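I have placed the structure first, in the form of structure tokens, so that the comments after it can refer back to it.
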There are 4 protein chains.
Amino acid sequence: MSMNSFGHLFRVTTWGESHGPALGATVDGCPPGVPIDEAMIQHWLDRRKPGQNKYTTQRREADEVKILSGVFEGQTTGTPVQLMIDNTDQRSKDYGDIKDKFRPGHADITYFQKYGIRDYRGGGRSSARETAARVAAGGLAREAIRALAPNVQITGYMVQMGPNRIDRARFDWAQIEQNPFWVPDAQAAADWADYLDGLRKSGSSVGAVIEVVARGVPAGLGAPVYGKLDTDLAAAMMSINAVKGVEIGEGMAAAELTGEANADEIFMGQNGPQYSSNHAGGILGGISTGQDIVVRFAVKPTSSILTTRKTITKSGEETEIITKGRHDPCVGIRAVPVGEAMMACVILDHLLLHRGQIGTNRGHIG
Amino acid sequence: MSMNSFGHLFRVTTWGESHGPALGATVDGCPPGVPIDEAMIQHWLDRRKPGQNKYTTQRREADEVKILSGVFEGQTTGTPVQLMIDNTDQRSKDYGDIKDKFRPGHADITYFQKYGIRDYRGGGRSSARETAARVAAGGLAREAIRALAPNVQITGYMVQMGPNRIDRARFDWAQIEQNPFWVPDAQAAADWADYLDGLRKSGSSVGAVIEVVARGVPAGLGAPVYGKLDTDLAAAMMSINAVKGVEIGEGMAAAELTGEANADEIFMGQNGPQYSSNHAGGILGGISTGQDIVVRFAVKPTSSILTTRKTITKSGEETEIITKGRHDPCVGIRAVPVGEAMMACVILDHLLLHRGQIGTNRGHIG
Amino acid sequence: MSMNSFGHLFRVTTWGESHGPALGATVDGCPPGVPIDEAMIQHWLDRRKPGQNKYTTQRREADEVKILSGVFEGQTTGTPVQLMIDNTDQRSKDYGDIKDKFRPGHADITYFQKYGIRDYRGGGRSSARETAARVAAGGLAREAIRALAPNVQITGYMVQMGPNRIDRARFDWAQIEQNPFWVPDAQAAADWADYLDGLRKSGSSVGAVIEVVARGVPAGLGAPVYGKLDTDLAAAMMSINAVKGVEIGEGMAAAELTGEANADEIFMGQNGPQYSSNHAGGILGGISTGQDIVVRFAVKPTSSILTTRKTITKSGEETEIITKGRHDPCVGIRAVPVGEAMMACVILDHLLLHRGQIGTNRGHIG
Amino acid sequence: MSMNSFGHLFRVTTWGESHGPALGATVDGCPPGVPIDEAMIQHWLDRRKPGQNKYTTQRREADEVKILSGVFEGQTTGTPVQLMIDNTDQRSKDYGDIKDKFRPGHADITYFQKYGIRDYRGGGRSSARETAARVAAGGLAREAIRALAPNVQITGYMVQMGPNRIDRARFDWAQIEQNPFWVPDAQAAADWADYLDGLRKSGSSVGAVIEVVARGVPAGLGAPVYGKLDTDLAAAMMSINAVKGVEIGEGMAAAELTGEANADEIFMGQNGPQYSSNHAGGILGGISTGQDIVVRFAVKPTSSILTTRKTITKSGEETEIITKGRHDPCVGIRAVPVGEAMMACVILDHLLLHRGQIGTNRGHIG
């Protein structure tokens, strides 16, 4: 039992702090024979990398991943894969003036209260920098999925920034890669650019909602009660820094529906069951239906802002703080590849769990 | 690793089906010396029990719990506690006519696709009847918490039924026990009674949002990354039948806030840090702040309704179905004690985890 | 993480005390579709049952197993299987006179020191009666193995009782079921009967060594470092009451060998690799070779004897004790079916783990 | 669940291969505030380091540990500690000629059968080089124990090399550090030097028995059934490369004893219970008694010897092999610090588990 691990059979343990020498992911349980190299993982890391445009923190990190174990002659061996990323742009002096103050909205105070020790350098272990390790592990998971369930496609995108929501009528998968916000709506992307630039200049920040969809997931993944696919997805997404809510399918809005409006009717398609709608988000009773798996999560606004805020020091004195570090006006942007990575890890894990308990035979309909 | 277990040190494994001879919870890791007897657990079970008023299923179950192990002379021994509940009102013939049809919105189809076997009797393992075992385990958890953190109070209530929300200005803790919906708003309770009665008579159903608050939780519970208190709460609540969304503090609405509006400022109170507000829901960086822990979850409407719905059979033929069983017009009502039970289990688990890694000394402020 | 559980994917949690109302095993992760009923499990329980001959305790327990969940229409459903055994012959008054004294060699004193509570009724949770639950779980495991690896045969037998060892030259599988000691050597069985009868009459007891062999296990089961097949077997056997040593293949005697004498040479047989010998006990680097898996474990003598022994009371006074309960002169006898059950659980677990991570393709030689 | 992890709350995951760029241990769950630096861990690694005398492999590895995370300003922070050791003397060309042959007694063949992939460079993941990571983790565990149970002392030593056993009458703790075999018997150390030198020159190898003792362990550590202290110790020791048997206290010899001879009588000492003897090895019912914890394990002889052996190739052809690499004539020597490290990890883990479930209050006698 490790508090810094996730997954059952595909088991990822991340380690490292914002300003230590390195961070990484120790991945155990990957199937052997998966073709992988550093460039394949780097592809995903580059999407999360800071400093790529004016909307993300100006910390410059190469985020270069090294594979230290578990891969031989271009394939996974089935033994632990160590994915390490050196920290290169640490500038810990930036944080000297907040050494004894707790930043409101950050984990500074709770880490100190729990552990009696505070790594004041950029949040230490609580920094969102940890998510680089998840993205690396997710890159490996994607390649492993390819062998097991080649039709799976995992895509994340932003559907809300502050009060602004996308227009689902304009939804276009092709737009996602065309703008810095991963928004599937060209008009929204244009509008939000001005909005966020204004916030950035004023030293403020704003929250966002990210949606991650997994298409092509076979029916039958997940398990009862606490091994539900949606249970693991909820945990995976809520474990991402700054996330405050997670929804599957209709999500919180399911509360407003009647039974008639909510339950997806079932028909018989050429390749098995089909549904009239997907209010369920691809999961019934914790087990995948074969429809798209649809997860959304809300990311709160960065708490590092240029407005002066009231706080206290380690010795309990009241004081004020202003956070001048290099930060993101909307951390939700960089949460998109992180959400995708978590989805990939969960899907792979449940593919392996299902194969372990049941093999490949399942209940065949029709 | 058990898919039917939750918790790390306070580990609950539930077992049993809707229409088998019995169901229960095997609870390992409970501290020794906790005073407990069947009546103390029955108290909580009686709140979840079906058939208590016209708004819940008319299935009549005594839901009498028996303690089969782990308790000696009125105290827990520290060894596994087996909490068993006999099923007494099974009437499995009720389900004969849907034996080969999959009920839309239910887990019938996914269980069949996963396991190749369908226990058609009331949903088998996927039935919400499983939550009785959770409530029993939660009753034990509450007593164990009392010894470790006597100020903890856990209370659940309904804040939304269908499109109707409570008025927070009328919030009154004392009202919660005064109405069949566990609503902290007397006016809402009155209004919703008529609303739900109408739905019930028409054979329809509706969703709900439940809020569970834990007051008096000490600062410092939770752990980084995947052992976050909010991660475990999200998993715990999402694992409850029919839940489609989970929120901590501001929840999904955090996306709409700016950094200035969201981050709770910190002051120094007489007994430690205090906050200007609780947007965080009592959790920063996955660790409790000492403020109220606030969790909400959305329960979808019961899919068993009297309207005819399109579906398919096990052999893939299209057909129609109407579900005439004994069901709840708003299952959200009975989810209130279940949500409380899950909160209790998570809080106790993290009290034990914290004591295990760190003991009682923590970072003291001021 | 449950201290009363074992296995990774085939996960068994046992519960119950010697003199409580019942005990049992909660089994999660069993593959679905395994044909099973109570009689199939009873078959194995009957072999462990006390009171069957003069060499085992005269406590009379029917040890009748009930399946309370996880089985529908004669097959496992893939959800938790609850196997419960009622305690019927509890006679807890037998233990009244030792209520405040710690029996030397028993866990009375350590349970009290750990938990601060002592269930004095026959050892409570520390009683060997717990092993009935393991045997029930092992019975289920055997049936599940049949579907996955039909050639697997698991057989336990006694190879040493006190100072007496079997003569391997007389080893005869057919003898094992022909005598009350499960000895594969007819001459030894005859000789030991007199020896043990003498011990029994004098109120003494003696230890034993049990060997458990699994034949027909496919090559490739097990995993590196802490998931080794021999690691899990060592844990499984050491967890049985009164076991003080575990050996794989050569075991402790491996220390005496040279590299030339120890390493089994490899040849090519018709169905794959064959070996000149089996010093390894069927396991290399923690992974099965396809040879017989050979495990031995030593069971200490029952500490309940008719000789007066020095001990102390709960209040720390020195005193004497004599244990007049119903006990086994050689508990090793009843450890045979328990060792078989643990072997079955471990083999099944690793079959599932292997299938989960790797599927059915493996490195093919030749 | 990670096959390359051990421990429950103090959770160690090792990674890396014999000839990859690096190997290490990811340690989660360490208490915060433990004073630690690289030199303190290096102290223990230096004891296991190869190439220190003529009795161990001539591979030259600095085995320099780097702490990459989890330590800030000289203390553990409570978050994951990454301990990395670079491989510097890899010489993988040494292994070219055995690339397609399976070395008898090694894991080459089983890893290939399991994973379908063979890292032929020095055994890859199955190499005893992995134990360096355990020793590093054990070094950290020792420092953490110091704060929790300052009287604990963990010492390993060799008690048998090939057919030669120490004379317990000459047992002298002070001798252990005075000879290259960690033998507590000066006479044996002298005799065995000649014996092993002869074996080394002839290109042969021999097995050994190591004993590890933990003194000063408080009573009450361990838990029922599968969380027994001896269960975890058996697993910990059996997981070490080349180990074939594990004993607690009397071990396999317990089989020969009568109940009178085996059960340790209990007296009342000044500081609590005392025992007439320690046949139990400090553990009753899986829980520590407060006496010395005594564990022994047998290490088989290195299978890499200069004698030609029969084997097969990956394509199934029969052939011969001679292993000319740099190897240990008695790997048991270097297993001593590894056994100590495993003992330290298990003791710390159970200290934390006990504190988690029970706190500091225990059943007080007298």
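Backbone N, Cα and C atoms are what each Cβ position is placed from, and that goes for glycine too.
The structure displayed is predicted, hence computed values, not measured ones.
Taken from TrEMBL, the feature NADP(+) binding site covers C:ARG48, C:LYS54. According to TrEMBL, the feature FMN binding site maps to C:ARG125, C:SER126, C:SER127, C:ASN241, C:ALA242, C:GLY285, C:LYS300, C:PRO301, C:THR302, C:SER303, C:SER304, C:ARG326.
Among the binding-site residues C:ALA242, C:LYS300, C:THR302, the residue whose Cα lies closest in space to that of C:LYS54 (NADP(+) binding site) is C:THR302. Across the fold, the C-alpha of C:ALA242 (FMN binding site) and the C-alpha of C:ARG48 (NADP(+) binding site) stand 16 Å from each other.
Among the binding-site residues C:LYS54, C:ARG125, C:SER127, C:THR302, the ones whose Cβ sits under 8 Å from a Cβ of chain D are, in sequence order, C:ARG125, C:THR302. A separation of roughly 14 Å, to the nearest angstrom, links the Cα atoms of C:SER127 (FMN binding site) and C:ARG48 (NADP(+) binding site). Put simply, C:LYS300 (FMN binding site) is 18 Å from C:ARG48 (NADP(+) binding site) when counted between their Cα atoms. In this entry, C:ARG125 stand out among the binding-site residues C:ARG48, C:ARG125, C:SER127, C:THR302, C:SER304 as having a C-beta under 8 A from a C-beta of chain B.
In this view, the densest Cβ surroundings among the binding-site residues C:ARG48, C:LYS54, C:ARG125 belong to C:ARG125, judged by other Cβ atoms lying within 10 Å.
For the binding-site residues shown (C:SER127, C:THR302, C:SER304), fewest C-beta neighbours within 10 angstroms: C:SER127.
Counting every protein chain shown, 30 other Cβ atoms lie within 10 Å of the Cβ of C:LYS300 (FMN binding site).
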